[in-house]
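Report on one structure; see the data block that follows.
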Amino acid sequence: MACDPLTRAQILIEALPYIQQYQGRVIVIKYGGAAMVHQERRAEVLRDIVFLACVGIRPVLVHGGGPEINSWLQKLDIPFKFVDGLRVTDAATMEVVEMVLVGKVNKQIVQLISLAGGSAVGLCGRDGNLIRARSQGRAEIGFVGEVSSINPQLVQTLLEGGQIPVISSVAADETGQAYNINADTVAGELAASLGAEKLILLTDTPGILRDPEDPSSLITLLDIETARQLIQTGVVRGGMIPKVQCCIRALAQGVRAAHILDGGSPHSLLLELLTDAGVGTKLIPSQFSAQLREQSNGFR
């Protein structure tokens, strides 16, 4: 439903201090998985990212594409399976992963950003020696890697030139062997290396829930210590564990805040960043938790 002009003006005024606070700051956004399935919602998310860039914020987008990979593996009659939530990646699967993420999904995102009036450059970890990968050392999962090192210079250059870097989570080791790396992990490590203001994980859940069956049990703010306790007590479980661990690691390396929210909810990114209430879960370093909780008007 359309709102009246006065309400629109009030919305803009509410967003103003957040825009001023984050202007010129880097925000790393991870987008992928089920949250990318619906084409209209995907285009909307990318328009929101273009909006952030237009008001002076410096977004960096890291993407996955699991459903798209599954679809192409099925088309090519290549069987696939997962172990402990990780895609078993043999040589044939790795070839498809790189083809889909780097050659298809990445370029689709760049094109949608262009159609929304933004300017983006598509990359993978191989480009400009951006990401050096290494094996996880588990033979049963094949070419599933982890981040060995990041050279953020190329991304910094693109940001300074007003571009939106769009990065797929494929990288190679020192021999040139390609690896499939978890996109959450890449986003977290990249956020740390860039000294980002925020790490945003767009998922298919509202955030961290005390009860996974009850969306109203959303935890809106927690610090590193509390997040670790929630993992230990089983409140955070399943696929949410690596996401929370990724946020904890990024915060420990200097990222000021991390957010987990539903990428499929309309304009969730803008609502989380530019409104007082937010819509997801915000994680903060422990040393800031007491101070921030006392600030009723603190920035998201």
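Each residue, glycine too, has its Cβ placed from N, Cα and C.
According to Swiss-Prot, the protein has these features:
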- Gly65, Gly66, Arg87, Asn180: substrate binding site (BINDING)
- Lys30: site 'Transition state stabilizer' (SITE)
- Lys243: site 'Transition state stabilizer' (SITE)
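All features noted in Swiss-Prot, drawn onto the structure.
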residue : record                             : contacts (Cβ under 8 Å, 6+ apart)
Lys30   : site 'Transition state stabilizer' : Leu61, Val62, His63, Gly64, Ala183, Asp184, Val186, Ala187, Leu199, Ile200, Leu201, Leu202
Arg87   : substrate binding site             : Gly66, Ile69, Phe80, Thr93, Val97, Ile141, Val144, Asn180
Lys243  : site 'Transition state stabilizer' : Asp184, Leu201, Thr203, Ile260
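The binding-site residues under consideration are Gly65, Gly66. Their Cβ neighbour counts within 10 Å are lowest for Gly66.
Secondary structure from DSSP puts Gly66 (substrate binding site) in a helix. Annotation note: Lys243 (site 'Transition state stabilizer') sits in a helical segment as assigned by DSSP. In this entry, substrate is bound by Gly65, Gly66, Arg87, Asn180, whose most widely separated C-alpha atoms sit 12 angstrom apart. Counted within 10 Å of its Cβ, the other Cβ atoms near Asn180 (substrate binding site) come to 26, all protein chains included.
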